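**Student:** Got a structure for you, written out below as structure tokens; questions coming shortly.
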Amino acid sequence: MVCVSNNKSYLKSQHLKIIGQKTLRGKVKISGAKNSALVLLAASLLTDEKIILDNVPLLTDIEKMGNILKNLGVKLHNKDHQLIIDSKNISIQELPYELVNGLRASFFCIGALLTRFGEASIPLPGGCNIGERPINEHINGLRALGAEIIIDRDVVKAKLVKKKTKLFGANIRLNCPSVGATETLIMAASLAEGRTVIENAAREPEIQDLCQMLNKMGAKIYDSGKEKIIIDGVHKLHGCTHKVIPDRIEAGTFLIAAAATSSSITVSPVIPNHLEAVLNKLEESGSKIIIKGNSISIKGNNIKAVDIKTAPFPGFPTDLQAPFMALMTIAKGRSKITETIFENRMNHVDLLNQMGSSITLKNNIAHINGVKKLRGMTLVGSDLRSSAALIIAALTSKSVSYVYGLEHLDRGYENFEQKLSKLGIEIKRQITKQTINKSKNRSSNSKLKEVSEIRAA
């Protein structure tokens, strides 16, 4: 319970009103992958020819990345889910902090700009508040390719070493299979002189999508999707047309929502092997899964407790840890969820407990005793995936829930509530202005009414 006082802090005015205990039924059209589209936008900086991207999701993160490119002089033309990108006349300049703040993917631009123009200045990025996501791997890798890098007042400034006109190939071994570092170094190496070998590379599908587009542009990249990636640098890259892969995280979120509500739905288009770890756990927890071509159907039933441990691809994705925890709160039995990727990605635990779940948390390991039902509440999501988890929990609850923090949700889910509505859920985006006290202390002098408002730290 948070007491409202005269020291007002206005929440974002939009929220979702959700009527719980409804069954999902029907088909969901899965959008293009956010995490792929963002890096493909950065990769468009590698050429002075036009890039046409199809199946681009309509998300606030994509809009932010587009604004970053525009600030550099890139011309963008968008129509529905297609983006035409013209990076011919780029002006190399330090990006304003207000543009990159809140979007970690903005840092992907450094590899592309450095290898094409010989210099780049990018402020340290933001993103969801889910823990430290250091850029050491990016910087060490770029230095191995021949870059001089300094960090001056939270701005990363990179340039070629003296008397060099290009980056040069190198053997690089990452200390951990960082997705962002792997993508940054692939882009930088694509126009470098000679061969680059990246060992302990990340294997995520979004990296494979990046490499497929770069190869269409004339790059020579081998073994993407494996732990060792080989890049032979080329002199120039040209334009191409490329379709963004389906969003495996969005698909997984809807599948988990169906399992949590004992529902039957079909998601498509998807690439089923991108979701293998998730599908295995859903089957283990009692759901029936049917794969046909580029579609996956699920029939949820009798939720059983299962343990998960997040891991780099092809392991269980950290982006679905929070939604899966919402499922496990109403499972029969005890389960354990271990987060190994980010050290601060359990903000949803307190919120789920306020809804009636039984979760104890220690050292990024959540121990969950399943309960029969959760109760509806007014909640504020603190990051993208925890917001999705709260919505799933609200779908299973006994009453009405109000979920705030939609600025997080809109970063990564396109038309989320509309898609749920088409499946039969009573959900509506509403606009109001409510206030909460920034302090967690109860104020006896408050003249404003108390609300059941819980916010993740």
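Glycine too: its Cβ is placed from the backbone N, Cα and C atoms.
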**Student:** With R104, I341 listed by Swiss-Prot as binding UDP-N-acetyl-alpha-D-glucosamine, identify the candidate in D86, D319, D350 belonging to that site.
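**Tutor:** Answer, per Swiss-Prot (UDP-N-acetyl-alpha-D-glucosamine site with R104, I341), from D86, D319, D350: D319.
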**Student:** With the ranges 414-435, 436-457 to choose from, which does Swiss-Prot describe as region 'Disordered'?
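**Tutor:** It is 436-457 that Swiss-Prot describes as region 'Disordered'.
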**Student:** Between K34 (phosphoenolpyruvate binding site) and I341 (UDP-N-acetyl-alpha-D-glucosamine binding site), what is the CA-CA distance rounded to a whole number of Å?
**Tutor:** 19
**Student:** Can you tell me how spread out the UDP-N-acetyl-alpha-D-glucosamine site is, meaning the largest CA to CA distance among R104, D319, I341, in Å?
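**Tutor:** Spelled out: the longest distance between any two Cα atoms in R104, D319, I341 is 16 Å.
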